[in-house]
Amino acid sequence: MDKLHLWERYKSHLNVNPAIGLMLDISRMDFPDGFFNDIEQRMQKAFNDMAELEGGAIANQDERRMVGHYWLREPNLAPTGGLAAEIAFTLRGIKEFAAGVHDGTVTAPTGKRFMRMLVVGIGGSALGPQFVADALGSAADRLRPYFFDNTDPDGMDRVLAEIGASLRETMTIVISKSGGTKETRNGMLEAKRAYHAMGLEFAEHAVAVTGKDSELDKTAVREGWLARFPMWDWVGGRTSVTSAVGLLPAALQGIDIAALLEGARLCDEITRGRETRANPAALLALMWHHATAGRGAKDMVILPYKDRLLLFSRYLQQLIMESIGKERDLDGNIVNQGIAVYGNKGSTDQHAYVQQLREGVNNFFVTFIEVLQDREGKSMEVEAGVTSGDYLNGFFQGTRQALYENGRESLTITVDRLDARTIGALIALYERAVGYYASLVNINAYHQPGVEAGKKAAGVVLNLQGEVLSYLHRAQGMEFTAEEMAAAIGAEKEVETVFKILLHASANPGHGIAREAGETVFDWRFRSVR
């Protein structure tokens with residue numbers, strides 16, 4: 001197709017949304033002429049499913065709960081006045097608490113203002129807040145954000161080393177809906193130890209975001225933490241960024257959360273419309289369906305040409321893959337659905353994996369994200385009449401063209417500028433696109449049985465570790481190979497896991513296990529040194 005024909009196709013397939021400063025171009029997706037007509041009936045069903053969801057239908061049958069993240073930016077949509085009042089009350093509480101921290105009404109025990117915050121959470125309790133913090137942060141942040149988003153001791157040590165003595169004026173926000181997430185519990189305990197090592201009371205620095213009457217909630221009440229904010233059972237972790245999970249850290253950082261919510265609300269309003277070609281979330285979902293044949297046949301590559309959107313692909317990775325990656329459909333059929341999502345940022349990626357995208361296996365489609373405003377204020381010229389931002393724009397357009405010339409499909413999202421309102425709109429756009437796509441392929445986007453299976457398996461490993469270490473410490477003076485150890489505790493079938501447990505325990509002095517080298521690693525012998 002020559003460039004003039006592509007221009008006409010671009011004009012025909014550009015979705016423009018002035019209210020949120022966002023355009024979606026689907027012209028470089030090679031869907032057939034009859035595509036929209038053929039799938040319209042299924043798309044209308046997806047609109048109906050979404051309307052039922054927003055109306056309070058039990059969407060997550062596993063847990064018998066509603067799915068109501070859309071109510072967070074439009075409380076009047078909540079199915080009861082009580083829920084609407086709770087949402088409004090919580091938002092007001094977040095704003096008042098943040099204002100108190102900023103004006104010095106709420107201070108650190110030293111009497112000084114809090115200047116930093118440590119957010120402890122994992123999955124949706126970290127990825128959303130991290131994305132927003134990185135996308136909208138600046139040198140003028142009221143509280144500088146740090147994160148414990150894993151149960152990696154070295155990772156937590158690095159964060160604490162960076163905070164250093166400023167821990168005295170650091171607020172810690174612990175986020176866990178159930179209050180029982182082990183990674184978050186571990187991060188909280190590591191943080192508590194760090195405060196105590198400096199002679200500080202953790203409770204005087206701590207805030208909880210959790211479900212009512214959860215173990216974390218009870219701990220916060222018992223210890224007298226600074227504040228508690230709710231996580232409702234009808235908000236899933238990966239769609240919680242416009243709840244207290246994301247709004248509290250953002251407000252404390254100094255981000256305009258009213259603008260964030262307004263962008264999400266306006267995008268919800270647009271993407272609630274039933275005219276498919278005018279609905280950018282519906283178009284996204286349909287392009288995913290076209291590109292992947294509705295069964296995950298191709299990967300989704302996210303290429304934002306903006307440093308501030310670096311973490312967007314990680315955020316979308318969870319939102320999309322945890323929602324869409326399902327073994328069974330709603331009828332119980334094994335379908336193994338999913339779309340793999342990865343990405344980084346342009347033009348960095350042009351010096352990394354774009355080579356394969358253009359000339360390697362064609363197993364993907366690209367979503368480019370273009371931000372028209374380069375920076376606040378005027379840019380210098382790096383060449384006559386050319387700025388650094390002009391180069392970035394040129395690289396984006398060149399990559400898009402080069403990929404399409406070689407039969408690689410792409411979508412392009414264009415936003416006027418990157419601010420809180422735009423970020424809210426992008427979050428809402430993808431949340432709804434995920435819901436529509438799930439309806440198109442007949443799956444439940446709002447549960448995650450695979451995650452629970454992994455947690456249970458981890459528990460089995462830790463129980464086995466307890467048996468292994470207990471036996472070794474009782475058998476003073478004796479040495480065991482992994483196979484001998486497995487036989488001794490009656491876990492012969494778990495010998496590989498026993499071997500991995502022994503390797504890890506012997507590398508960490510706190511466990512009191514030493515190892516002696518053998519002819520091969522499988523001949524290594526392990527003993528207690530306590």
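Including glycine, each Cβ sits where the backbone N, Cα and C put it.
Over in Swiss-Prot, the protein carries these features:
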- E322: active site, proton donor (ACT_SITE)
- H351: active site (ACT_SITE)
- K455: active site (ACT_SITE)
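The number of other Cβ atoms within 10 Å of the Cβ belonging to H351 (active site), over all protein chains shown, comes to 8. Around E322 (active site, proton donor), the same-chain residues at least 6 positions away in sequence with a Cβ under 8 Å from its Cβ are G123, R238, Q448, V451. Cα of K455 (active site) to Cα of H351 (active site): a span of 37 Å.
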